[in-house]
Amino acid sequence: MGPTASGKTSLAIDLKKRKEKIDIISVDSALIYRDMDIGTAKPVAEELKLAPHKLINIRDPVECYSAADFYRDADNEMENIIQSEHTPFLVGGTMLYFKTLLDGLFFLPATNQKIRDDLEYEAKRTGWINIHDLLKHIDPISANKIHLNDHKRIIRALEIFFISGKTWTELKLINNQKLKYRFHQFAVVPSSRDLLYKRIEERFHRMLDIGFEDEVIKLFNRSDLHTKEVKSSISCVGYRQMWEYLSGDINYNQMIIKGICATRQLAKRQLTWLRRWPNLCWLNSDNLSAATDSISKILIEKSI
């Protein structure tokens, strides 16, 4: 696992070249979508031929996909990989997906768009501090774990309570399915945040050079992606800013600035998750070859 633009995909592909008996499972909430290749930095066809990735291109952009969906899909893929006497190698930056795998799946009510819309309206009217304070009053344990700026999870925690009458914390204690696997956890992180931010900026400009705008135009021309219910795919970093540009809300230069800033903010959130993550083996992404060596050594030592 690691922040965006840290070189996770390159490391995974290199490891696959060295150790054929690993199969890669993508842990990325953006890579699941078809027709969203450039803006998600999805591995290209040549890379996927060398190192196929599970759980890539499994949803249309109009479809929803939850952490619970990922849990079930990843569990199924890991079972199949192990039965083939290979080792599952999970790679990505969607920390909530990793957390779901490690902590287990507990049954939650389905989303309710009206409740979400009402909460978002109230947040715009009174401010997110008040919405977070409401969560503190209802479910202080969850509120303590959810940052004020993590609006999506604040909404979800309140939504769960208003639907079920039970808090997120209470539901976790009622029934919790945990996977039977033992995980070895690695974090691939550059030596400095400035270097990571430089990579992010360079990658965003490279995406524009190879056709990111045209990719989003094709999505923008789909009427089914303009409905209020479609939020997950179009809210992906980069796509949201390009969508605003195509909608005429911002100009091209603003789109670039906002896209880079949003990606940096994503990386910052990912690093915050990782700093709090227990039992991590930290690897320097400035030297991916050495990082790959370290993982290979551990796999051999653990007889994986």
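Using N, Cα and C of the backbone, Cβ positions are placed for all residues, glycine too.
Annotated by Swiss-Prot as region 'Interaction with substrate tRNA', the relevant range among 28-31, 80-83, 264-267 is 28-31. This prediction places the mean pLDDT of the region 'Interaction with substrate tRNA' (28-31) at 98. When each of the recorded positions Lys8, Arg116 is scored by how many other Cβ atoms sit within 10 Å of its Cβ, Arg116 comes out lowest. Annotation for the binding-site residues Gly2, Pro3, Gly7: lowest Cβ count within 10 Å of the residue's own Cβ, Gly7. With all protein chains in the displayed structure included, the most crowded Cβ environment within 10 Å among the recorded positions Thr4, Ser6, Thr9, Thr94 is that of Ser6. Annotation note: Arg116 (site 'Interaction with substrate tRNA') sits in a helical segment as assigned by DSSP. Taking the Cβ of Ala5 (ATP binding site) as reference, residues of its chain lying under 8 Å away and at least six apart in sequence are, in sequence order, Ala41, Leu196, Arg199, Ile200, Arg203, Thr263, Ala267.
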